[in-house]
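A.B. asks: As listed in Swiss-Prot for this protein:
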BINDING   A:His53  heme binding site
BINDING   A:Tyr65  ubiquinone binding site
TOPO_DOM  A:1-19  topological domain 'Mitochondrial matrix'
TOPO_DOM  A:63-74  topological domain 'Mitochondrial matrix'
TRANSMEM  A:20-40  transmembrane segment
TRANSMEM  A:42-62  transmembrane segment
TRANSMEM  A:75-95  transmembrane segment
Amino acid sequence: MYKTLLAQVFFHSIAKKKLYFFWLPRLFSLLLVPGFLFDIEILFLFHPIILLHASLGLSVIIEDYIHIETIKFQYLSLIKLLLVLLINLNILYLL
Amino acid sequence: MYNINRPISPHLTIYNTQKSSLFSIWHRISGVAMFTLIASPPLFLKLATFSYKSFNILDLMLNNSSLILPWFIVIISVIFLYHIINGIRHFLWDSVVNVNTESIIKDSNTLLALVFLIMLFKFIL
């Protein structure tokens, strides 16, 4: 019953097109678990996925603990800029 | 001062520690620690390549291994394992499974036991 409920939630969220940005990075993060357990160097290949996951987490933390709106939006945009920079660096060093 | 329109709660030390709040706070702290650990190597590489001096921090770190803490890898992998297993619990909570106080306490105990057992099998045995 739970499996059907999970599948229902997942496919409904993908079909609605607004919630896939909530579910997909979390499901991608499950791909990193065997990479951590068996070969930790392969995590550098999946760096953009990790950074997408980290941007979600950091933005949630900032939204919870910073209550002044202008500073909050400044921090959120700065985090997105930092993650774009880090993904570009990762692409550069993988080439 | 600032226009914050919300009641101010007393300080954190007043409350009793609950398992649910403690585990979520450590989830956040471990996430930030892992972010600094994962975001720093490309920045160090950038420092090593795009600089006018011949300043090579990776070489410095690898040759002088006494600068790095002993058992550093063990501490990092405890943080990673905690975050991974707690993330699986968050998956279960998002797809409404095990959202009772009893099962939350039971799951947190099994989480700590799993982290301890995996570290035991990976490093000590």
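Heads up, the Cβ atoms here are built off N, Cα and C, so glycines get one too.
Describe each of these features in terms of where it is and what it packs against.
C.D. replies: Within 10 Å of the C-beta of A:His53 (heme binding site) we count 21 further C-beta atoms, all protein chains included.
Counting only same-chain residues six or more apart in sequence, none has a Cβ lying under 8 angstroms from the Cβ of A:Tyr65 (ubiquinone binding site). According to DSSP, A:Tyr65 (ubiquinone binding site) is assigned to a helical segment.
Over the topological domain 'Mitochondrial matrix' (A:63-74), the average per-residue pLDDT in this prediction is 88.
Sequence-distant contacts of the transmembrane segment (A:42-62), counting only residues of its own chain at least 6 positions beyond either end whose CB sits under 8 Å from a CB of the stretch, comprise 25-26, 28-29, 31-32, 35-36, 72, 75-76, 79-80, 83, 86-87, 90, 94.
Same-chain neighbours of the transmembrane segment (A:75-95): 44-45, 47-48, 51-52, 54-55, 58-59, 62-63, 66, counting only residues six or more beyond its ends whose CB sits under 8 Å from a CB of the stretch.
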